[in-house]
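These come from Swiss-Prot:
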- 34-54: transmembrane segment (TRANSMEM)
- 61-81: transmembrane segment (TRANSMEM)
- 108-128: transmembrane segment (TRANSMEM)
- 141-161: transmembrane segment (TRANSMEM)
- 170-190: transmembrane segment (TRANSMEM)
- 212-232: transmembrane segment (TRANSMEM)
- 263-283: transmembrane segment (TRANSMEM)
- 305-325: transmembrane segment (TRANSMEM)
- 361-381: transmembrane segment (TRANSMEM)
- 383-403: transmembrane segment (TRANSMEM)
- 422-442: transmembrane segment (TRANSMEM)
């Protein structure tokens, strides 16, 4: 990566929210923390989106608590990578898409944009499917109508944005805590064995030696580090009003943005653990192989003998509510990430409503097409989630490597460049994740062909 500096005529990242939320570096630490509380919530959404649910609950249902260790390691890795995106955004004033475009020729930048766009579409497909299925389960709305309803999220987002980015953060936070409290309640009712749960955080050799466990473990890792989150986080941390030319203020901004990120990712870690624990405590050693998708999980909760008819109905309904909340959350963040990628790579200047409508439509159209082709077959639509995870796996190195190269560049980052230990860990992570994702892609296609 060469040492070109950020050009002064570069468009601000998400310019309608950039530098709009007050941050006073002279205020108390508590006030600074509260000022930066928010961007991490939007990032945490990607770590507990509907695409993660199936993997976590299947992992628990099929292999008990063994994979809790994998969720722990994945979450710690995510914290490191997201902290790097925070430093990139605040230190340079560029988001990851702008930075990548800045250092690439236009033809190569377009290739990177296509890959990033496919990753966001793949992420968004999971949210559209999750929301449509939740609406179907709760209100018996046909899947195709439910998918079309999700397009309205764009206009809701535009309406809320008029009242400031803080309102978006508050709504996302409300949805996150709705999901969190639902699963705390569901896990409490399912009465897991505490010793077995704690033992799950200890590494077991079967994770590597057992092909079935390894496959689910790779799915958890692949679904945890989300490409769109790296683009999103590097942009939305710039919504605060720290001085763009004062390293002391930048250092404070990085500190409190990283604290915010780590707290919110810890919540996402807890939610993913709860999903796995719920799957293990209710379905391990029973009908685990039948838990193929959202419908299976919903009906399994509803008819689980341990819960009884009344509690089963409550648990399954709450599951659908949580799925809807998670899907709505992810559509907000996915749409914002799509805008960041389109602006950063292509430098397009089009109206916000049109840009967001294009981004949303790119995700909804494949779902609608599949619903029409397969005549609303839920199983086929859930299989679309498998392909979406493959796209995410392919896209990951294309954002991780530019992030690593940029944040280790002293000329670009100034005093905020990566320390040696960060470079060692992040390069190790990138290599391991890339190898695991290639393996996951091969395994996925073998599964589909068999």
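FYI, residue positions are counted from 1 along the chain as it appears here.
Cβ atoms here come from the backbone N, Cα and C positions, even for glycine.
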Contacting positions for the transmembrane segment (422-442) when only residues 6+ beyond its ends and CB under 8 Å are counted: 77, 80-81, 84, 215, 218-219, 221-222, 225, 389-390, 393-394, 396-397, 400-401, 404, 407-408
Recorded stretch that, among 34-54, 61-81, 108-128, 141-161, 170-190, has the most CB pairs under 8 Å to the transmembrane segment (361-381): 141-161
Listed stretch, out of 108-128, 212-232, 263-283, 305-325, 383-403, that has the most CB pairs under 8 angstroms to the transmembrane segment (34-54): 263-283
Stretch with greatest number of CB pairs under 8 Å, the transmembrane segment (170-190) reference, 141-161, 212-232, 305-325, 383-403 candidates: 305-325
Proximity verdict for the transmembrane segment (61-81) and the transmembrane segment (212-232), three or more C-beta pairs under 8 Å: yes
Other parts of the chain folded back onto the transmembrane segment (383-403), taken as Cβ under 8 Å at six or more residues beyond its ends: 1, 51, 54, 81, 84-85, 88, 96, 99-100, 103, 112, 115-116, 118-119, 121-123, 125-126, 129, 219, 222-223, 225-227, 230-231, 293, 366-367, 370, 429-430, 433-434, 437-438, 440-441, 444-445, 448
Positions whose Cβ lies under 8 angstroms from the transmembrane segment (263-283), at least six residues beyond its ends: 40-41, 43-45, 47-48, 52-53, 56-61, 63-65, 67-68, 71-72, 75, 78-79, 82, 176, 179-180, 183-184, 186-187, 190-193, 196-197, 200, 220, 224, 291, 300-301, 304, 306-307
Two-stretch contact, the transmembrane segment (108-128) and the transmembrane segment (212-232), at least three Cβ pairs under 8 Å: yes
